[in-house]
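Copied over from TrEMBL:
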type	residues	note
ACT_SITE	THR240	active site, nucleophile
BINDING	THR200, LYS229, THR240, GLU334, ASN474	substrate binding site
Amino acid sequence: MYRVSHIAATCFHKKPLQVNIQYRSFTKFDSFGNSPIPASKQRFVPTSGTYPKGFLVGSTNVGIKPSGLSQPDLFLVTSEKQWDTCGAAVLTKNEFPAPSVLVTRELIKESRGRGVRGVVANSWCANLFTGEKGLEDLRKMSEEGGMIWGEGNGKGKDPVMVMHTGKLPIDDIIQGLPKLHQNMNTTHNHWLQAARGICTTDTFPKLSSRTFTLPSLPNTKFSLAGITKGAGMIHPNMSTTLGIICTDAPIMPPALQQLLSTAADKSYNCISIEGDTSTNDMVTMFANGAVAPTHSPIDFDTLAVSQSEDFVAFQKILIEFMADFAKLVVRDGEGATKFITIRVRGAPTYPAGKHIASVIARSVLFKMGVYGKDPNPIGVLAALGYSLMDTEFAGKGIINRELTSVSFVPVDGAEELNFVKRGKLMEVDELRIKELMEKEDVEVVVDLRDDGGGKGEEAVYWTCDITHEFVTINGDFRNYMQN
């Protein structure tokens, strides 16, 4: 299957901007488009939900996806106009960001999150180097996306963020927005269709919702809901994922950004599939306070760095919520058969432990060993041994061979299987190894200070195995760049 993709590489030469048409193979995406959800993944798709008050979701098909695919490819999530809404975003740190990242970053900077009501997004392919025309398309899409309330955001009214993977048929997108506006609603099916609409090589839509209370309002139920996507090109800061999270709790813009950034650091930035950081993607969050519009919003003192009980409580809720989302992305890793948790204990600081876990998660030999049902503890030790080389943590005695232990933890709660205990290899029951590696979920625990003291920080990272299917999927996809 082929689609037309426009890619302009403009930053490497001084010629006038030229956009050339290339036929780009999308077999990688097309083969997933109409496939049924695998039986093993159906348990991750909710059949109902509790969604935040005042948020509307709509989706439609404007022809970005091939004609044979029926899923939506354009959607909008926005808060109703009567609510005082704010927005926040965590954006890719890749030095070659797509226009959607630049425009959204610009919007957040100018508005400081105030009055940012939602996000308009399209799916299917991800391009960059689309030149000035790409930026113009994005700004137009943002303005037209805000027209649901009768006025665009050209003068700061009703601004919406943009998740746009152009350069794509912007005229078709703009013409599809009125239909999109007509489809806006609050039902579970509307949220689910939007989650379906952003899938590419995802094998199932990723949607979640929950209710919660705050210490200051123990009898008031708030809601938190979101959609996300991702299956490949997954690595921190940011992975190829679109994430949209909404809540009807009252939160001040600076606090919302802080809450989102902290939660992303312990969720989306703790996953890796093949170690590649995307150029395009982001996680966004919106809060409208619709359930308690007169209640004092969650805030924090930026000078004293003091945090209210509500702030602390919601931070914990958001970290858990986003971590569950991030784990869904890993469970849907391209071709993956194993979900791997890497837990590092006894680190002097959380960043040090997280860095070690991330290096192990990127070890191709370890991940391929798990695919072959070999726990490969030596591969874990090898990755651990080089994990701090040429980093700020090198030479600080963080890794002590005589105190290091490596074990695998069965998901059924059985006793840990120790492969290395305080620097010494252990004899292991081969039957237990076989039973352990037959499971879908595998957990590796690396204890840097296994001296019984229980000191130090713990960091958790999630990854998956590398399989033949992963190579097949990505070997079937070609990228084109033309001056």
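Note that Cβ sites are derived from N, Cα and C of the backbone, with glycine treated the same way.
Classification of ASN474 (substrate binding site) by DSSP places it within a helix. According to DSSP, LYS229 (substrate binding site) sits within a strand segment. Neighbour counts were taken as the number of other C-beta atoms within 10 angstroms of each residue's C-beta; across the binding-site residues THR200, LYS229, the minimum falls on THR200.
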